[in-house]
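These notes are about the structure you will find just below.
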C-alpha cells in the first residue's frame, strides 16, 4: 500500500528500532544514555559560558569551539529526548514529517560540524606555520563568516535529502534500523526507485564530510612538515601539543561516522544491538567528549571550571 494513500494512522509513521529479546531492559538501557545526554548538555553549556565570560578566550579557536558546542547541543537535543521517550514510554512511532525533519537536522548539523572541524584545522595550520600572521589572517569577523558559510553549506547540501524522499511510496514494513531517522535507513523502506536519492546522498557525503576529512589530513601533513623543521624536539613537542585537543575532537567525530557508514553498507547480517549501539555512539559520543577534551587541554577552561566549582 502506498505510504501517502493509506487512511490508517500508523501508515503515516515509521517504527523506531527495538532490540529483539531486550524490550524489557529498555528502561535500564536508557539510564546510561540519559546520563551521557546530561553530561553533554552540562559540558557544552559550560564551554559556551566560560568562553563568553573569559576575555582571554575571545579568539578564533575558541569561537570555533563554541560553534562545536552549539552544534553538539542541537544534534543531541534533536534525537536523544525522542530516543528516551521510546525507551521509557514505548512510543515507537514517529510521524513521517517528524522523521524527515529529524533526518535533515542530523545530516545538516553533522555537515556543519565537519566544516567547523576543517576550519579549526586551518586555524592550527596558520598558528604553527605562519604564527606572525595568525591574528591578521584569522580575525573575529572572518570567524563569523566561516560559521555562516558552514551553516549555508550544510543546509544547501542536505536539504534535498528529505525533498527526494517526500514523494516516494513506502512499503508496509516501516521498521527503522535505529532509534532515530537517518537518510539511508528511511530510503531503504521505500517501494520505488531510490537511485536518485541514493546517488545524491552519497555525493553529498563525499563532497562534504569526505572532502573535509581529506583537507584536514592535508592540513596536518603540512603542520607535521613544519614541526619537523624546528630545531629541537622540545620545540617540536610544544608546537604539536597545541593540536592534540583538535585531533581528539576530529577522531571523536569521524570514527563513529565511519563506523556507522560501514554498518549501513556492509553490516546487514549484524545483530540489531550493534546497529542501535553504533547509532547512539554517533549521536552522543562527540557531544560528550568534545568539552572534556578541550577542558583537559585548555588551562584557562580548567581554571574557570575550578573557580565555578
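One-based numbering along the chain as shown.
Backbone N, Cα and C atoms are what each Cβ position is placed from, and that goes for glycine too.
Quick look at what TrEMBL annotates:
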TRANSMEM  27-50  transmembrane segment
DOMAIN    43-294  domain 'G-protein coupled receptors family 1 profile'
TRANSMEM  62-88  transmembrane segment
TRANSMEM  94-122  transmembrane segment
TRANSMEM  134-159  transmembrane segment
TRANSMEM  204-228  transmembrane segment
TRANSMEM  240-264  transmembrane segment
TRANSMEM  276-296  transmembrane segment
Model confidence over the domain 'G-protein coupled receptors family 1 profile' (43-294) (mean pLDDT, whole number): 90
Recorded stretch that, among 27-50, 62-88, 94-122, 240-264, has the most CB pairs under 8 Å to the transmembrane segment (204-228): 94-122
